[in-house]
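Below: one structure, written as structure tokens.
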Amino acid sequence: MNGYIKLARLPVRRYRSHMNETHLEIKELGHRGDGIAFTDEGPVYVAGALPGETIRVRMDGNRADLIEIIVPSPDRVAPVCTHDPASGSCFMQHLAEQPYLVWKRSLVENALRSAGITTEVSETVAATAGGRRRAVFSAARKGRSVVLGYYGRASHDLFDAAGCAVLTPQIERSLAGLKELAALVLPKKGDLRVTVLETTAGLDVALEKAAASYDRQIAALCKKAADLGLARLSVNGEILLEIRPPLLDMGGTGIVPPPGGFTQATVAAEEALAQLVVQGAGKSKWVADLFSGIGTFALRLARVANVHAVEGDAAAIAAFDRALRKPQGLKKVTFERRDLFRRPLVRDELEPFNAVVFDPPRAGAQAQAEQLARSKVKTIVAVSCNPATFARDVKILMEGGYTLKSVTPVDQFQFSPHIEVVGVLMRE
Ligand SMILES: C[S@@+](CC[C@H](N)C(=O)[O-])C[C@H]1O[C@@H](n2cnc3c(N)ncnc32)[C@H](O)[C@@H]1O
């Protein structure tokens, strides 16, 4: 009778999950960073587990929650930050640096293999030194307090970013003040998007999805921004305060990016990618830089070649235009705003260029790759943040007669499953 009462009082979920406990041996690391065990029922994915480990888990369909590590991997290390590893995208803090960089390279190798491309992939360039100078946070009310941070992995739980180990020290130090700033304009529903960019003039902060009534807070927002020593503050696309122009140095050319606009997340990655791009373009006299953003590559390429930059975002092109108005010692630079998904540069338009660089968003550049595959352009440098669409686009180019000369992964989002990649192709 006593036993029955005890059992009846057990929460049903705990009782059930106890029944689902089992042991697994992890054999592989998946592309999202999960350990994979192979069972009679198929593969089982376990977040936080590493190949070679024997673990006790609670099964949940083809996933399992890690309860205990019975035999740890020699590659397991202590996480560098105190946050729950499920917060943000820093899932891979438990893997030592060397096997981590090898895993990152395997993400590119596997994507190429899936597209039927076998090629040597260079070692991953670790480009995380100095920390993330651009970070996008969410801010929302949680009970009585305000949280400024990241969403957990596949969850709606917002984790506070305080103490985040992957940010630049300046951004990390500013988090408490930025939270106070965000609290002034939190929307009633949903969350505030807070983009922070460290520039040579200080932090450039863009708040988006702010409460429509933010007008009433303008004085308080400006005071807070000045107290925090921000270079610039924008709310819902409107620049409220610019104490100093938030300047970035793009290989010797100064540029003020649009509020909240795209930049590479770390200076180290920007420099590594740009170096691979400039090297890849080689001695080409005329280079097209497609999906050029604010000119991260174009401004560096223009030191040695004539450049035509093409970008879809009006604010990015306007910033690029402003940067060009100051004498910079650059070769001839032209630009156009154009939607390259709908209207890629066609074969005849590609004719004048000896080299083409493209760096599209995650969706890739299929339409542009199809045009390039029919072109006579000698050198193509494909830059990507998505190995799957990179492989698809490279395959299109190879089917059009290009030879893949090199593939280099660049790690800018430390501990995450994200990887940048640069491929150089030539028509021989
Ligand atoms: C990954 S970013 C690269 C930007 C730049 N190369 C850099 O490194 O800073 C991709 C760029 O493609 C632009 N973009 C997105 N869709 C586009 C489209 N359909 N046509 C043209 N540009 C587009 C974005 O605005 C963004 O600037």
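Any Cβ shown, glycine's included, is placed from N, Cα and C.
Remember, it's a predicted structure, so these values are computed and weren't measured experimentally.
Together with Gln264, Glu311, Asp359, the S-adenosyl-L-methionine site in TrEMBL holds one more listed residue from Phe291, Phe341, Phe390, which is Phe291. Geometry remark: Phe291 (S-adenosyl-L-methionine binding site) versus Cys385 (active site, nucleophile), CA distance 13 Å. Listed in sequence order, Phe291, Ser292, Gly293, Ile317, Phe320, Phe335, Arg337, Arg338 are the same-chain residues at least 6 apart in sequence whose CB falls under 8 Å from the CB of Glu311 (S-adenosyl-L-methionine binding site).
Cβ proximity to the S-adenosyl-L-methionine site centre (mean Cβ of Gln264, Phe291, Glu311, Asp359, cutoff 8 Å) flags the following additional same-chain residues: Phe262, Asp289, Ser292, Gly293, Thr296, Phe297, Pro360, Val383. In the three-state DSSP scheme, Glu311 (S-adenosyl-L-methionine binding site) falls into the strand class.
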